[in-house]
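Asks: According to Swiss-Prot, the protein has these features:
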type     : residues                                                                                       : note
BINDING  : 12-18, 42-44, Arg258, 284-286, 324-326                                                         : GTP binding site
ACT_SITE : Asp13                                                                                          : active site, proton acceptor
BINDING  : Asp13, Glu14, Gly15, Lys16, Asn40, Ala41, Gly42, His43, Thr127, Arg141, Gln179, Thr194, Arg256 : IMP binding site
BINDING  : Asp13, Gly42                                                                                   : Mg(2+) binding site
ACT_SITE : His43                                                                                          : active site, proton donor
BINDING  : Thr252, Val253, Thr254, Gly255, Arg256, Arg257, Arg258                                         : substrate binding site
Amino acid sequence: MPSYIVVGGQWGDEGKGSIIAYLAIHDKPEVIARGGVGTNAGHSVFINGKKYAVRQLPTGFMNENARLLVGAGVLVDPEVFFHELEHLKDFNVRGRIGLDYRCTVIEPGHKELDRSNGYLHGKIGTTGSGCGPANADRALRKAKQVKDLKELEPYLTDVAQEVNEALDEGKLVLVEGTQGFGLSLYYGSYPYVTSKDTSASAIASDVGIGPTRVDDVIVVFKSFPTRVGAGPFPTEMSEEEAERMGLVEYGTVTGRRRRVGWFDFEFARYSARINGATMLAVTMLDKYDKEAFGVTDFNKLPQKAKDFIAEIEEKVGVPVALIKTGPELEHIIDLRENI
């Protein structure tokens, strides 16, 4: 598995961060590269009971031997970047991070426009992080790049070059996606989408990896999908039902309450197909079956949980390789050896 990509299969907030964190520690990749849109998506991980949330830097930061990279396709907010360098100082991130010199900069004006635009903020439900306006300026070829900012000079690199050289040397490369397939500008429920494609193909392009150099694609699904902001959500349940089932969540970036729904097998199959999934990861199985909490051996899962995993594999047509049964890093079942 010289290179693999982890992407969300629903509308974001699938728990990609917890899967990426596990892979970063367990598999020990030498390079961890982040693709995706920008600072409009947050990944949360729990390490020794402490919660860390990142919006700009790779979620695999806790692997202190890995080179951390942010691909050319990612938007960079200097304010968020430097905040996270300080936030993660215990992990020596500052000495390991590289930004592709071609990344577009999110400027204060982009954030102001994002938050003040009635259409984006009201109808679409933007996070207000400035990503949409920044990508618009990029498409118009008038945006700044990180190479234009002196304060970012120490961190500049050619991410595509680094990643491909690492692959040439047989190193393990982990690529992180952000948000989810259902928010893709191309394949999501337009116009209630993000400002670019979020599929595995796009994430590979973000960091400069050609399609023939991707060995595995892990698509992450949450047992009860969630969505922040407006847009179609066919299996959505009522807020009252979500409260009764203990499924109330709030967005990492926006703080807004997430809409909750039942697992949509048809959408999951479509998502896995377009992303080219070779493996699936299922998170928050303990929310589906509370007796599954903390279980690390598949054979010890309660039957209800086993049946749910079997149904996903049958209806989606892709094997489930990783199962999260709780918030901590060690709350996971790894079935990759059986695939």
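Each Cβ is built from the backbone N, Cα and C atoms, and glycine gets one as well.
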Asks: Report the same-chain neighbours of Arg257 (substrate binding site): residues 6+ apart in sequence with Cβ closer than 8 Å to its Cβ, ordered by sequence.
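Replies: Expected: Glu239, Val248, Glu249, Tyr250, Gly251.
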Asks: Enter the number of other CB atoms within 10 angstroms of the CB of Leu285 (GTP binding site).
Replies: 28
Asks: IMP site residues Asp13, Glu14, Gly15, Lys16, Asn40, Ala41, Gly42, His43, Thr127, Arg141, Gln179, Thr194, Arg256: biggest Cα-Cα distance, Å?
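Replies: Roughly 34 Å, rounded to the nearest whole number.
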Asks: If I take the alpha carbons of Thr325 (GTP binding site) and Arg256 (IMP binding site), what is the distance between them in whole Å?
Replies: 25
Asks: Taking Ser18, Ser44, Thr325 as the binding-site residues to compare, which has the smallest set of other Cβ atoms within 10 Å?
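Replies: Minimum Cβ neighbour count within 10 Å, taken over the binding-site residues Ser18, Ser44, Thr325, occurs at Ser44.
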Asks: Around Gly255 (substrate binding site), how many other CB atoms lie within 10 A of its CB?
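Replies: Its Cβ has 9 other Cβ atoms within 10 Å.
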Asks: By a simple count, how many Cβ atoms lie within 10 Å of the Cβ of Asn40 (IMP binding site), its own Cβ left out?
Replies: 27
Asks: For His43, Arg256, Arg258, listed as recorded positions, tell me which one has the smallest number of other Cβ atoms within 10 Å.
Replies: Arg256
